[in-house]
Every structure is written in C-alpha cells, then in structure tokens.
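S.K.: Here it is, the structure, as structure tokens.
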Amino acid sequence: MSWMIFWCFSLSLSLSFTAACGCLQLTPPVVLSLLRRNQCFLNESLYIRESEEELAGLQITSCQLNSDMRVCIIGAGVIGLSTAQSIYQHFHSRITPLTIEVYADVFTPLTTSDGAAGFWQPYLYDKGNVQETKWNKETFDYLLSCLSSPDSVKMGIFLQSGYNLCTETAPDPSFKDAVLGFRQLTKRELDMFPGYSFGWFNTTLMIEGKTYLPWLMDWLKQRNVKFHQRKIGSFKELADSGADVIINCSGVRSGDLQPDPELQPARGQIIKVDAPWLKHWILTHDSSSGVYNSPYIIPGSRLVTVGGVFQVGNWSLQNSTVDHKNIWEAACKLEPSLQHARIVDDWTGLRPTRSKVRLVRETIRSGPTSFEVIHNYGHGGFGLTIHRGCAEEAARLFGQILEQKGLLAHSKSRL
Amino acid sequence: MKRVKVVVVGAGVVGLSTAVCVAETLPHCSVTVIAEKFSPDTTGDGAAGILLPREFPDIPLERQRRWFKESFDHLLAIADSPQASDAGVYLSSGYHIFKEIPCDKKPFWSEFVFGFRYMTDREMKRFPNHKFGQAFTTLKCECLSYLPWLEKRLRAVGGQIIREKVTDLHKLALNYDAIMNCSGLGSRFLVNDEEVYPVRGQMLKVSAPWLKNFIRDGDGNTYIYPGIRYVSIGGTRQANDWRLEVDEEDSEGILERCCRLEPSLRAAQVMGEWVGLRPSRANPRVERQYLHVQGRQVPLVHNHGHGSCGVTLSWGTALDALELLRQSLFEKPPQARL
C-alpha cells in the first residue's frame, strides 16, 4: 500500500485538471484523505490501469478518485431488482467504485412479484398518466427484444395470445399499440363467451416472476451486487450506515418507511391450476365490479393462474375460502373446460396500489446532513408490466443526483 | 325391429368419427368397428391434430367448405364444453408464414377459423426469411385423447369393437348389411385403390411448455405445434416412402429449421420421435359403391384418402359418409342374409 501512496504523491505533483470538471486541486493531504476514504485500493488493477492511461495524458478527473458511491435499494421484488440492474448498466463504468446493495426481508420466491401471473398488460386506461403508458411500452419493447436472446427461457419470457372481454363496447385500451396484432373480437369469437358482447384479441408477453427474479438476482450477483436479508426500519438507518443514495422499492409496505395515504393494498387471491390444454389468456372487464375484480384465466409455463379479486384496503395475506369459491365458479363459467382441471394451490398477494406510481427524488434532512432517496413504488397490479421503464427512470434520477454531486464527468480524457 | 348391421373398417380418427356418426344418428343400425390398429397406434395419434385444411383439386369447393366447417363446428362445441380436456380438443392460435407470397393469400377456409388476418410488420420481424404471414385461431384435436373419447361415445350408444385385421371385404359382407371403408393407407390393398399412397412424416416431441402459439411454414415442411403434453415439431413430406423407422438426418433437419423459427427451442428437451405415413390421395374418396354378395347388394361407403387432413376433415367427411349410407339403405333396403 505504501508504494501506492508514494505513487499518488508523484502523480499529484504533475496533475492538472480540466475546467469542465470543476474538481479540486489534488494536494498531497487531499490525495491521502481521498485514498483513505476510497475503496480504490480494493480495485487495484483497475486503478492502476486507469491511472497509467491517465499518466500518459497527464490528466485525471477527480471523478475516478472521489467517486465512492454506495447505493442501497430497499426491496427485492421485480422493482428493486430491476432498478439495481438499470443503475448498474448505466453507471458501473462511469462511477468507480459503485457499490450497489439490496436490502429486503423477503426474496424470491416469496415476493409479490413471484405470485403474480406474470402477464404483461396495463390497466385498460391510464387516466392521463401518460408517463406510465410510456414506461409500460418501454418495458414491452425491452422484453420483446429479450425474446430472441438465448436467455429468454431462463428469464421466463414468452409470447401468449388471448382475449380481453367486456360487457359493453369500450374505447381502445392504452396498450393497443404496444402489443402485437391487436384487433377487435369477431362476433363468432364473442359467441364463445356468453355475457360478453365486446372485446379484443392480441398477442402479448408473459414474464414469470418465479423465473425472472432468480435470473435478475444471478445477473446482479455476478456483478457483485450484495444482498442483505434484513427488514429496514427507516431510511435514516441506512443513511447512518453510509448509504449515499437510497432507493425505495418497498412496494406495498412503503408506508412503514414513510407514511403515504395514497398507498393502499389491493388484495388479490389466485388459484393455481393444472390445465395444460389452455393456450390463451382470458381477461374479463366489468365496469361495475372494477379492474381485476372479474374473472381472469392466465396460463403460465407450467400452471394456469385463475383469479380475480381486487380488495382495496384489505391487508390479509390469508387465503379466503369464500374468495376461492367465487373465483372458481366464475372462472368455470367463463371456461367450462376448467371443471376437470386439477387445483394445485391458492395464493394471496397485496398489490401496492396508488393513484399513480411514485417515482421521484427526495432529499431528506437528517440533522446537519442530508441524503437522497429515490422512491419507486406504487405499481399496483402492473409491476411486472412497467418495471423496466420505471427502473430506467430511476436510473435517470440517480444520474441527476450524481451530476449534482459533481461525480459524473462530461468530458473524459480517455475518450 | 330388425337392426341393420353396419361395420366400419378402421379405428383411426376417420373410422371412429364415422362409426359415432352412424351409431348416434341411425338408431336402427348397430355399428361394429373392426380394425387392426387402435389408439395409440393409429396414424392420427402421432399427428399434431391442428385443424388446417388444404384445397383438393377435384372436389367441388362447396363440398370442401362443408367438410371443414362441419368438422370445425363439431370440435368447437367440444372445446367449449367441460369435455374439452377429456377429448383433447382446444383452441390454438398462431402464425402461418410464407417465404414467398402465396397466390392464394386468403384460402377458402379463412372464414371458418377465428380472426383470420394478415400478420403485421412487427409480427413478421421475428421471421426475417419470410415475406408474408397469416394469423388466426383454429382448433387442435389430439387423437391420443380424442380417439379413446370417441370410443367411449360409441360404446355409450351400443357400438362394438373388434380387434382384427380385415383382408377380405366380400367375406365381411357375409355378416353385415353395410360396410364403411375407413382403412386409410390400407385401402391401397383392401380395395385396390392405387391412387392411395403414403407421404412419410417424421416429427419430434419436445418439452417446451412456454410455447403457446403455433408456427407453420407454408411450404409444409416446418411446423411447431404446442400441445397438451409436449410440443410437436416437424416435419417431412416424403411421397411414396413407406419407412416407419426414424431417420436421424430428418431429425437434425427438423431441429435446425424449427430452432431458426423459434430460438427458444434450443432450450427444449427432446422427449421422443415418431414417424407416420399420411394416407394420401389426390382427393379424399367419399363415395359409395355396392358389393354383390350372394345375391345381395351390400353398400360399401368409402371414406379414406384424407392425407394430412384426417383430423381436419374427420367429422365433415363422416357426416357425408353417413348421408351416403342413409341414402343407400333407403334406396336399397338390406335383404336377409343367408
């Protein structure tokens, strides 16, 4: 280590800085304290490589030396994991070292994302939340591009076609241009579904949490993202332990960290069924009962997910026999062949419902200091549907934080 | 009341469909099915069972439309019922893609399947070597389930089954008042129909439960049909090839072509291979003649030569064959057998 310090001394004497960086003058005491604070030593080979190149140009930006950035993500559902991925993808080569850690008390296969059917479809109408429609489409396009990769099966991604059934004529849904082959149902098709007089057919993507989350965790682990099984009591707890930026992906329990009257659970219960002859999803929409409070049948890669209920304010994670009976009866009426299907399991999950997704930065004061929080929660019943768009937006917000801290170089001497 | 004894030769999808049609519609007839092979050893058992017709050159289009429509409607009613899983009948959507734009972009059967349309540009992006495609929803009817289900239906109305190879129709005619010949490829020998010839097809059964939509190349040589227990991928079309053994080169070719259309198949496990001989003919033969046996005129209704459209046309042609039988029993009521 001592030769490193000597080397830095000599470096500091011959360094000059570009004005664009607005960085500090590297005097020996400053260099020493920076080196002590930094994790640079741990990444010796990288440091040496960078610095040798730098030496040639005799220019270095303080970014490489003063960029110890520790990001702590709370939540290991699809939102937390994909946010970690986006941040890594955008910044791991621009910030060194970049430490990303994920804190959660629940991991796959026990998260809300794991129990969900894994069906890409936003709510029919975005009620003016055009950002959300944009993020949904971004996610669809991203997943579609992954479909042709050799990893598609390991990611749990595949195409499936199906029916959206309505009890009355309805305007085109928000996702009509995102999905493939969107069209209205013909009368002959509607004849198969008594009680429904209108609807659409399209091909969309499935993204099964039970497969996607382990794949994301592997991806992150391979890139040295650390996971901690722990329930976080407050943002301050993490800030005090050295987190520079906290990303709140705590889903339905975000209220425990910061009260949010707009965030409510929307309880859902599903039945997992063995019915491998079913090759289409069927979603029904009844304006009188509301979204997801109407039967749906969504075949997965192994089992079929049958639902649904959407009980706002209900925190119970227990399976209800009454809900089971209602769901089953309605689904069998919709799809008579289900009557002979083998029921495998019931599952209950709480959709983190909010009037709109909370995806914003917040600076929180803690005594004399402050820390940055990025909120990314409240994705209701469309977390898997919107995850990538939101993760990329969270990464963008993170980039803003880095810029404000002067940690991002605009001109890099190497390039 | 004297019962008219009808015998159906052949227990494939055409034979059993014909037998059930007769037994359920003509209460004064007793129906016996005689065959050498039963499910799971019939040609249909290995076929994917996708309802997708082709146009035959010499049969009036109206009749072909009726054959397909009646088959489709019959199976749709089953798919829509609690019986669907027992019978192995369900809806299947997918893509029919062409490397060159076909002359007939909108075939005669397009109005009978659901939602027939041309594929969008975005959908075609997945298939860079193909210029045109059709998307629709049709039915899939898996004989491994359907044939035993038809057999149950036959027995429920008093039908009988005999496991025996038939080689002489005249001898058979001694004991029956009418014969329905549904012997598929066997007709070549049984009734000396030289127009019947095999078209060999090899396929692989793979485990890929994430695949839900079918893909068929319009040239007929490459297809991916997701099924209940496995995905059927294929295929070959080798005319006058009687080999029932698996050909390794064919398997390699199938895997290579199918993986190109559907890359995720590379992760699929091969569960088995199968070869079937399509009972092909320029046109299916659904017509009636009479056998002269000991002074009696015994109607012989032919219902064979469906080629690759056995499942697809089974019910429609069975109804036609039933009508031919009904007509002949009316025109020439059976005389007492000696």
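Each residue, glycine too, has its Cβ placed from N, Cα and C.
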S.K.: Looking at TrEMBL, which one out of A:GLY313, A:GLY378, A:GLY381 binds D-dopa in the same site as A:GLN121, A:HIS285, A:TYR296, A:ARG351?
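M.R.: Looking through A:GLY313, A:GLY378, A:GLY381, the residue TrEMBL assigns to the D-dopa site is A:GLY381.
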S.K.: Through the lens of DSSP with three states only, how would you label A:GLN121 (D-dopa binding site)?
M.R.: coil
S.K.: How many other Cβ atoms sit within 10 Å of the Cβ of A:ARG351 (D-dopa binding site)?
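M.R.: Counting Cβ neighbours of A:ARG351 (D-dopa binding site) within 10 Å gives 24.
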S.K.: Run through A:THR112, A:GLY381, A:PHE382, A:GLY383, A:LEU384, A:THR385 for me and report the binding-site residues whose CA is within 10 Å of the CA of A:ARG351 (D-dopa binding site), in sequence order.
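M.R.: If one measures from the Cα of A:ARG351 (D-dopa binding site), the binding-site residues that come within 10 Å are A:THR112, A:GLY381, A:PHE382, A:GLY383.
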S.K.: Count the other Cβ atoms sitting within 10 Å of the Cβ of A:GLY380 (FAD binding site), across every protein chain shown.
M.R.: 24
S.K.: Taking only same-chain residues 6+ apart in sequence, whose CB is under 8 Å from that of A:GLY381 (FAD binding site), what do you get?
M.R.: A:ALA116, A:TYR123, A:ALA266, A:GLY268, A:VAL291, A:TYR292, A:PHE310, A:ARG351, A:THR353
S.K.: Please name which of the binding-site residues listed here, A:GLN121, A:HIS285, A:TYR296, is nearest in space to A:LEU384 (FAD binding site), Cα against Cα.
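M.R.: Of the binding-site residues A:GLN121, A:HIS285, A:TYR296, A:GLN121 has its Cα closest to that of A:LEU384 (FAD binding site).
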S.K.: Within 10 Å of A:GLN121 (D-dopa binding site) (Cα to Cα), which of the binding-site residues A:THR112, A:SER113, A:GLY380, A:THR385 do you find?
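M.R.: Taking A:THR112, A:SER113, A:GLY380, A:THR385 one by one, the ones whose Cα falls within 10 Å of A:GLN121 (D-dopa binding site) are A:THR385.
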S.K.: Under a three-state reduction of DSSP output, how is A:ARG351 (D-dopa binding site) classified: helix, strand, or coil?
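M.R.: In the DSSP reduction, A:ARG351 (D-dopa binding site) maps to strand.
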S.K.: Please work out the number of neighbouring Cβ atoms within 10 Å of the Cβ of A:GLY383 (FAD binding site), leaving out its own Cβ.
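M.R.: Result for A:GLY383 (FAD binding site): 25 neighbouring Cβ atoms inside 10 Å.
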